[in-house]
Amino acid sequence: MPLNGNSLIPSAIVKYLDRYIVGQDRAKRAVAVALRNRMRRRLLEPELAREISPKNILMVGPTGVGKTEIARRLAELVNAPFVKVEATKFTEVGYVGRDVESMIRDLVEMSIQMVRKKMLEDVQEPAMEKARERVIDFLVPSRKPQGGGIPTFMSVMKGLSGDQQDAEPETPEEDRMRESTRSKLMDLLAQGKLDDREVEIEVQESHQLGIPMMGGMGMDEMGMNIGEMLGGLMPKKKKRRTMKVKDALRVLQGEEAEKLIDGEAATRLGLEKAQEEGIVFIDEIDKIVSKGSSGGHDVSRDGVQRDLLPVVEGCTVQTKHGQVSTDHILFIAAGAFHQTKPSDLVPELQGRFPIRVELEPLDKGQLSRILTEPHHSLLQQYEALLGTEKVKLVFTDDGVDEIASLAERMNAEMENIGARRLHTMIEQLLEEISFSAPERQGETLTLDRSMVQDKLGPLVKDSDVRRYLL
Ligand SMILES: Nc1ncnc2c1ncn2[C@@H]1O[C@H](COP(=O)(O)OP(=O)(O)OP(=O)(O)O)[C@@H](O)[C@H]1O
Ligand SMILES: [Mg+2]
């Protein structure tokens, strides 16, 4: 449930994040403040506002502790164009891979889609009116092309065409008849009474069904999409299709809505929105840090950092919709920085991420909260999945506690993969139940401490097995 502008105060943002992410308070606060600051900036006079650049954030913390999760939830919360990219996807200009500027193009694309979507929502009503008109036009053609009288209301209802008569100029009488037929049909349509009848309609053959596809997959070097380019050149083909009235209404509503919105305005507003409110989350930024020694890959990594620099610093990026300035786009970067440190980033880039937040490793208490507390927590997910088989899972408190403490132990003794450990452990724990659930309908399965120990204990103790399974 996205909050609107005014309720997006830092404490509300943190509260929202709290519903999904356990702990990591500093990171939550930092992103909340950064978001609020952008809203503050937009209230200032343009002259001053121009001077204020966003305070970009660098989130540092071990793997599996919620960095990406915070970004994901943030994206849902803010009603701002948001893209998440993996730094490893980029390679220096001239190398194979995506160029850094493509993330800005993706952002613009996303932003325009958001604006369009909003515009389309606003015209759904009038579009439906028009769609009904069109469905009726197909049901009761205004003038039968070659002969055929005006279909009466009854004959249309029976799905028959009108009496076959020779074409004659319409009399006022016939006119009235048609009008009354149309208005009766209109009522029935609006009430949904004709929903299941079939109708043959003419639809545009679309290259992009309904909501256009997101740009930036594969062929994105120029921010162009071949299909779209060709689509624009070729005349839109019409095609006759027979379908249920309710489907026809939906299809025609979509077509009519597209006609009702101002595409140019959407593009213009979308560009502006991306520029002013856009957020780019760069994940795995530590993976483009070279490790001091200059191996082959490192040249390219430093290159990516250097390419990243102007974008983060503020530059103008050419997109197919026009130019965007990245001056006020907020960048949030995250990385585990296992073998490297943020200070290994090229110095200029370090300066572009003035706010550093560290995420803490998860302890047993937090792991057990992660199992149960977040909305749609891991355990709830499994309960719901098995619920579809009419098997009821019950995790007791000591069972949860046991899972968490085994997870903590695994993290300590093997690699610390944070909350991800919980996923693998629960899979193992429920493996047998997941398999046999369809044959155990109606059963209630209680997972308490001893049950968890029975299932996972042997795996945890066996240092060979656990390396593969947990
Ligand atoms: N603090 C937390 N609260 C709730 N869930 C969490 C938390 N930390 C991690 N998780 C869960 O663990 C999984 C992995 O977390 P996430 O993707 O955020 O890791 P990350 O910090 O981005 O790690 P990496 O550095 O490997 O990318 C997700 O499914 C997430 O829901
Ligand atoms: Mg991550």
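Each residue, glycine too, has its Cβ placed from N, Cα and C.
Automatic, uncurated: that is what TrEMBL annotation is.
Features reported for this protein in TrEMBL:
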- V22, G64, V65, G66, K67, T68, E69, D283, E348, R420: ATP binding site (BINDING)
- 53-363: domain 'AAA+ ATPase' (DOMAIN)
- 160-181: region 'Disordered' (REGION)
- 362-461: domain 'Clp ATPase C-terminal' (DOMAIN)
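Positions of TrEMBL features highlighted on the structure.
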| residue | record | Cβ contacts under 8 Å, 6 or more apart |
| --- | --- | --- |
| V22 | ATP binding site | G66, L362, Q366, R369, I370, E373, P374 |
| V65 | ATP binding site | Q24, L359, E360, P361, L362, G418, A419 |
| K67 | ATP binding site | A27, M59, G61, D283, A334, G335, A336, L359 |
| E69 | ATP binding site | Y20, I21 |
| E348 | ATP binding site | L309, E313 |
Annotated binding-site residues V22, V65, E69, E348, filtered by Cβ under 6 Å to ligand 2: none
Sequence-ordered binding-site residues from V65, E69, E348 with Cβ under 6 Å of an atom of ligand 1: V65, E69
The domain 'Clp ATPase C-terminal' (362-461), counted residue by residue under DSSP: helix, strand, coil: 70 helix, 8 strand, 22 coil
DSSP-derived class (H/G/I helix, E/B strand, else coil) of E348 (ATP binding site): helix
DSSP three-state assignment (helix, strand or coil) for K67 (ATP binding site): helix
